[in-house]
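*Asks:* Pulled from TrEMBL, these are the listed features:
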type	residues	note
REGION	1-21	region 'Disordered'
DOMAIN	25-162	domain 'Protein kinase'
BINDING	K35, K54, K58, E103, Y104, A105, E152, N153	ATP binding site
ACT_SITE	D148	active site, proton acceptor
CROSSLNK	K150	SUMO2 cross-link
Amino acid sequence: MASKSLKPPKQPPKNPKKQWSLNDFEIGKPLGKGKFGRVYLAREVKSGFIVALKVIFKEQIEKYRLHHQLRREMEIQTSLRHPNVLRLYGWFHDEERIYFILEYAHGGELYRELRKTGRLSEKQAAIYIASLTQALAYCHEKHVIHRDIKPENLLLDHEVTS
């Protein structure tokens with residue numbers, strides 16, 4: 001009898017027109033916290049696909065009048081398709097919150113990596129800089145400017161050894 005892999009699928013669920021809801025996900029551990037909400041590890045129930053679920057509080061969007069900025073971020077991020085740019089697979093909302101279904105970068109933030117190790121090897125730095133340069137070149141081709149590049153906003157999806 002052949003053994004079956006327990007790994008989750010590598011592709012997001014293929015249903016771009018689906019009306020998502022919180023019931024479609026199993027929520028896991030918190031991954032991060034920001035000014036306007038939190039990010040959680042989540043699994044899409046039907047496919048088992050692992051995502052990051054960004055939860056933004058509508059109250060904060062109202063308070064800081066960020067409607068246009070949030071809508072623009074959604075439009076931009078859904079249109080970008082590059083291996084070094086985090087994907088926004090979809091979104092949904094309820095009475096109090098807006099949820100972004102994001103690609104999960106299992107390596108976490110570059111900032112945390114730097115705090116843990118103290119520094120990057122020359123090889124690690126070169127790989128990260130090359131990846132960032134490719135992502136920025138792609139974004140600039142699409143007339144998109146990031147405006148907040150810092151280690152806390154650079155997510156890692158693979159390990160680079162010395």
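Each residue, glycine too, has its Cβ placed from N, Cα and C.
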*Asks:* Please count the residues of the domain 'Protein kinase' (25-162) that DSSP assigns to helix (H, G, I), strand (E, B) and coil.
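*Replies:* For the domain 'Protein kinase' (25-162), the helix, strand and coil counts are 50 helix, 42 strand, 46 coil.
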*Asks:* Using Cβ-Cβ distances, find the residues under 8 Å from K54 (ATP binding site) that belong to the same chain and are at least 6 apart in sequence, listing them in sequence order.
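*Replies:* G37, R38, V39, Y99, F100, L102 - these are the non-local Cβ neighbours of K54 (ATP binding site), listed in sequence order.
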*Asks:* Cα of the residue listed as 'SUMO2 cross-link' to Cα of E103 (ATP binding site): how many Å, rounded?
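*Replies:* E103 (ATP binding site) has its Cα 19 Å from the Cα of the residue listed as 'SUMO2 cross-link'.
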*Asks:* Taking the residues K35, K54, K58, E103, Y104, A105, E152, N153 listed for ATP, what is the greatest CA to CA distance in Å, to the nearest whole number?
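*Replies:* Taking every pair among K35, K54, K58, E103, Y104, A105, E152, N153, the longest Cα gap is 25 Å.
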*Asks:* What is the separation, in Å, between the Cα atoms of K35 (ATP binding site) and the residue listed as 'active site, proton acceptor'?
*Replies:* 14
*Asks:* To see if you understand the setup: which same-chain residues, six or more apart in sequence, place their Cβ under 8 Å from that of K58 (ATP binding site)?
*Replies:* H93, E95, E96, R97, I98
*Asks:* In whole Å, how far does the CA atom of D148 (active site, proton acceptor) lie from that of Y104 (ATP binding site)?
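*Replies:* A Cα-Cα distance of 20 Å.
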*Asks:* Tell me which residues of the chain lie with their Cβ under 8 angstroms from that of A105 (ATP binding site), as long as they are six or more apart in sequence?
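*Replies:* Residues satisfying the criterion: A52, L86, L155, L156, D157.
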*Asks:* List, in sequence order, the same-chain residues at least six positions removed whose CB sits under 8 Å from that of E152 (ATP binding site)?
*Replies:* E109, L110, Y111
*Asks:* On a count of neighbouring CB atoms within 10 A, which of the recorded positions E103, D148 is highest?
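*Replies:* Result for the most crowded candidate: E103.
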*Asks:* Return the count of C-beta atoms lying within 10 angstroms of the C-beta of the residue listed as 'SUMO2 cross-link', excluding that atom itself.
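*Replies:* Other Cβ atoms found within 10 Å: 10.
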